[in-house]
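S.K.: What follows is a single structure, and I will ask about it in a moment.
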């Protein structure tokens, strides 16, 4: 906990202590978070610490092993050390029962990343019994090389950094900026997560209040599908920095008041003025960092939320006009709910109500369907496409601004497995049909799958690095059947009032080309289709139990005049999209009735009027 009477870059807005109502609501919020299983049991937390201790022992054995191979004297090896650091939700103290531990291994200079990937799998297998280590997936050659582990029931994302030091003792910390000297871009990305997490905690006045408020905000964001920087929303670090800034402005407030002020102030913030936890840090190095006065690209950032550790970076650089509009709309809704929690005793559970993205938010959706003919081909391909969805959104926003109000991406993809007969079944599946989906394999979101190869591909492409090849060989048909793995991403299209046509053919074509320009794209293995879908045609597996799916309302309609029909047809074909229906149904959809009006006031797409 920070003790500086003035935190942040401006004076506080209030130093008032919590009221009795604040304290009562604080207890109610705690109980609601517990009922939603936001906290894990103490024994589970203890298991995490034991796993980290064992990982540090493995690291020290790695340091000694490599040192002996290089002929270093025993006196140096006995002092070489090696230390484990954490970052992300675990380091901030806001982890839950299913949270990964983001873990950094720091070694002295004689151990390289190549040594790490060469030896760490064997050393881990010696430390953990087979029943204790149920996953071991090394992913080198990406922007942040990683080893994905499942150890004693604990998920661990393990990364590595070598400092330009002869030893890394147990009391080694990472705040000293001179430690960054000589590190390459990969090492800097690896080490800065820990530095940002520690500095953030140092800059908040009350750690306990910060953690409670952040848990509430993160749960709200996940429930409302507003979480994940790959597709254009804030991620965990960004939400932590925004909550920390509110804590600085209200240093004595209780968590419920921090939550209320978060929604109010972040909605009213004078964007693109940045959210900063501290003034710029002078450094003896000349590393590239966020600075709109120097870098023209940084001037275009709409919601800068800046890390407090050098070199500073914008954690919200992927936010665009549409996702910002969605965030502001959702923050306004959340603020109203929390105010009624204060004013009339409304329950906290209403704040964490599940999103309505598929049930009644939009009439029209764009489906981006990626497919691979091997699971390995699908993993890298779907991750790469996911990282480029934000460019499709940007292209649509700019292509027909008079019609588009916003394009809202759902923050997770949906993985499905299909078994097809060669020929027509394969083509239908690539085009979005679920007729051949394997019923015994449930649809799961990309978050549920937690596939490190997909995540690595998405983040690597987002960082401007080359996604490594993971295609595998083109499979032969087995028993006359072809397995296909698909991941589908959904975008809700909101049209401005009165708009009844939309030309997005150019951004669709550009998006496809951008994806297919991947050097390892193989048309025999990879497919991408972009489809239009009405809300009443959305698959059943997108809806939670008890949710009401949109239905098509049939109503009498006069036959259109020939000229009107021709205009509708031109409008439909100009979108660059194909309906997911067969041709006969597509013609019916283009001129037939629509479903119920939706709250966002959209009217139609492709010439279809609601």
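Glycine is treated like the rest: Cβ placed from N, Cα and C.
It should be emphasised that the depicted structure is a prediction, and the values quoted were computed from it without experimental measurement.
As annotated in TrEMBL:
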BINDING   87, 88, 89, 100, 101, 102, 157, 218, 227, 236, 237  ATP binding site
BINDING   100, 102  Mg(2+) 1 binding site
BINDING   100, 102, 157  Mg(2+) 2 binding site
DOMAIN    8-204  domain 'Poly(A) polymerase nucleotidyltransferase'
DOMAIN    209-354  domain 'Poly(A) polymerase central'
DOMAIN    356-551  domain 'Poly(A) polymerase RNA-binding'
S.K.: Using C-alpha atoms only, work out the spacing between residue 102 (Mg(2+) 1 binding site) and residue 87 (ATP binding site) and round it to an integer in Å.
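M.R.: That separation, Cα to Cα, works out to 5 Å.
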S.K.: Taking the Cβ of residue 227 (ATP binding site) as the centre, count every other Cβ atom within 10 Å, in any protein chain shown.
M.R.: 21
S.K.: Going by DSSP, how much of the domain 'Poly(A) polymerase central' (209-354) is helix, how much is strand and how much is coil, in residues?
M.R.: 76 helix, 4 strand, 66 coil
S.K.: Give me the non-local Cβ neighbours of residue 87 (ATP binding site): same chain, 6+ apart in sequence, Cβ-Cβ under 8 Å, ordered along the sequence.
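M.R.: Sequence-distant Cβ neighbours: 102, 104, 193, 194, 196, 197.
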S.K.: Please find which two of 87, 88, 89, 100, 101, 102, 157, 218, 227, 236, 237 have the most distant C-alpha atoms, given that the record lists them as binding ATP, and give only that distance in angstrom, rounded to a whole number.
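M.R.: Farthest-apart Cα atoms in 87, 88, 89, 100, 101, 102, 157, 218, 227, 236, 237 are separated by 20 Å.
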S.K.: Rounded to the nearest Å, what's the C-alpha distance separating residue 237 (ATP binding site) and residue 100 (Mg(2+) 1 binding site)? Just drop the number here, would you?
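M.R.: Per the Cα atoms, residue 237 (ATP binding site) and residue 100 (Mg(2+) 1 binding site) stand 14 Å apart.
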S.K.: Give the sequence-ordered list of residues that share a chain with residue 101 (ATP binding site), lie 6 or more positions from it, and have CB atoms under 8 Å from its CB.
M.R.: 48, 51, 52, 86, 88, 90, 95, 154, 155, 156, 157
